[in-house]
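Remarks on the structure that follows.
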Amino acid sequence: MLIKKLAAASWSDRIFDLVVYAAITVVTIATLYPFLNVLAISFNDSTDSIKGGITVYPRMFTFKNYETIFAFSGLITGFKISVLRTLIGTLLGLISASMLAFTLSRSDFQGRKFVSTFLALTMYVSGGLIPFYILIKNLHMMGTFSVYVLPGLVSAFNVFVIRSFIDGLPYALQESAKLDGANDFTIYWRVILPLTKPALATIALFLAVGQWNAWIDTYLYNGSNDALTTLQFELMKVIQSTTTNADNFRGRNMVEVMAQISPESVKMAITIVVTVPILIVYPFLQRYFVKGMTLGSVKS
């Protein structure tokens, strides 16, 4: 197909197409190579990886790096909590942001300007880490699962993205629904939400990635609670253990195993473990994500 297309085109078009295809090839290689290199090192024998020279395939294939990671007793619990916080945090974040965005998009809402200004200020002014820590402590959220979800329940950025999408929808749709007897919640649930799928998918991806990669809140608020540990926090401790002291592993003696594991190989394996879930989810949201990223780029 490519050869036929080039044969039918003029010389200038052929040169242009060849340059474009060459550029795409270079970008593709530059994008894929780092990931393939990390994947190869993660499956390569640790002692052999120290020698270097590994490109896109392992020289001495082994699962030992992954066995070392998953032998850590807190990893399974961390994985469950991370999945749970990602699902709940993403769902509640979408609901709160979309409901607030729908409210601010209504021209009959008298306080929309004040609320919008107040939300915008939160994007530029922060209360600081210490006051936030004191607030969490006074609300008795320390050592609870709610600290993973409630503090980030409302995001001004997410609200404004969804509101921009809603503002681009014909207001006649809401008026028609009102004439049919629909109340505000029915309009939001049956009219607005189905039409804002691109924006919701974009926000869902942002929220899910943020929740999945979060570990600082576990470190600050649930660091001593093994039942509420998260995957990222446990993997961070694995990295520390491979670079400092193997005795830091809880639940079993890993000294002999760690003597055969290089920190770099374990880091590469951890990178793959963290990245794969996002790579699995992204293709299903890609078409909505592309639409959502172009919100506001064209004004009618």
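First residue shown is number 1, and so on along the chain.
Placed from the backbone N, Cα and C atoms, the Cβ positions cover glycine too.
Owing to the predicted nature of the structure, the values given are computational and were not obtained by experimental measurement.
The transmembrane segment annotation in TrEMBL covers 15-36 (among others).
The feature transmembrane segment is assigned by TrEMBL to 69-102 (among others). Nonlocal intrachain contacts for the transmembrane segment (69-102), taken as residues 6+ away from its ends with a CB within less than 8 angstroms of a stretch CB, comprise 145, 148-149, 152-155, 158-163, 166, 188, 192-193, 196, 200, 203-204, 207-208, 211-212, 214, 226-235, 237-238, 249-252, 254, 257, 266, 269-270, 273.
Summarising the annotation, TrEMBL assigns domain 'ABC transmembrane type-1' to 79-285.
Summarising the annotation, TrEMBL assigns transmembrane segment to 114-136 (among others). Note on the transmembrane segment (114-136): residues 104, 142, 147, 151, 156-157, 159-160, 220-221 of its chain, located 6 or more positions outside it, place their CB under 8 angstroms from a CB of the stretch.
Residues 81, 85, 88-89, 92-93, 96-98, 100-102, 104-105, 119-120, 122-123, 132, 136, 141, 192, 196, 198-200, 202-203, 206-207, 210-211, 214, 217-218, 230, 292, 295-296 of the same chain lie 6+ residues outside the transmembrane segment (148-166) yet bring a C-beta within less than 8 angstroms of a C-beta in it. What TrEMBL lists as transmembrane segment is 148-166 (among others).
Taken from TrEMBL, the feature transmembrane segment covers 187-209 (among others).
The feature transmembrane segment is assigned by TrEMBL to 268-285 (among others).
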